[in-house]
Amino acid sequence: MDDQLIWATDQEGQIRLIAARTTDLVREAQRRHNSWPTATAALGRTMTAALLIGAMQKGDEKITLRILGDGPLGAVVAQSNGQGQVRGYVQNPDLDWPSKSPEKLDVGGAVGSTGHLHVTRDLGLKESYTGSAPLVSGEIAEDLTHYFATSEQTPSAVALGVLVNEDGSVQAAGGYILQLLPGVSEERIEDIEKQIQALGPISHFFASGKDLADLVEPLLPGHEKKVLAVKKPAFYCHCDRERLTVMLKSLGAQELAQMREEQGGAEVVCHFCSERFWFSAEDLTALEREVSGLE
Ligand SMILES: [Zn+2]
């Protein structure tokens, strides 16, 4: 089953649901960062959340979700765009963190429950807007629910899950954000709450081979839904040699010369995808000349 993203609303547009199966893209993130289970779960949840928030935007806005807790995992960061492309990293991917139980990785403990989450919307033309909220538990879904309620005044149900195998590989991943706009009846809200309870943990839902349709149907039942978009999400990083060249040049001629003399070149590793780029002594000499010419 391929990764998939779906955006649907009820007939009146008062309930919106964005859901995604992200198993393959979280697998790729785990492989690229060589992350340990708890780090994989935190990264996978954050990437899934960024993907869902990104898909809710109009046009070509870029979303950056940063989870900055006081736990040993360090920062967890993910970026996505309206096309369903997402990338992400965790500061300490090789953290060996004990589980609370064999069934449950302790993401909250690794992330930390003190800190903030930030959602930055990049509107293009160098304009951006950041909304923030304090962390509640470090479990990420709960923190986002709190963020939507306080920072965006939108009551939401957020579920994010990554099931990691004993060997550290990813068995299943996915999640959803369900938002209630003004006008939804109490009765309807109670019904949705019951359906959410019945769905159970979202990682197990996807691990059992169920489809997005099995998620959309109970939450937006029968004929009352409108499917607005279906996409195939993917891990995608926009880094390339050209961008890293700009970054290197910003270090200045002196720093470049030092790297050339001491290391015979420079290896630049992309945070987001762990791709390595090697700049030889000759490359650095050329950059030094360019920088000096500009200075
Ligand atoms: Zn990259």
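In case you wondered, yes, glycine gets a Cβ from its N, Cα and C as well.
Since the structure is predicted, the reported quantities are computational estimates derived from the model, not experimental observations.
These come from TrEMBL:
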DISULFID  C237-C239  disulfide bond
DISULFID  C270-C273  disulfide bond
So C270 (disulfide bond), by the Cβ count within 10 Å over all chains shown, scores 18
C273 (disulfide bond), Cβ-centred 10 Å count of other Cβ atoms over all protein chains shown, is 19
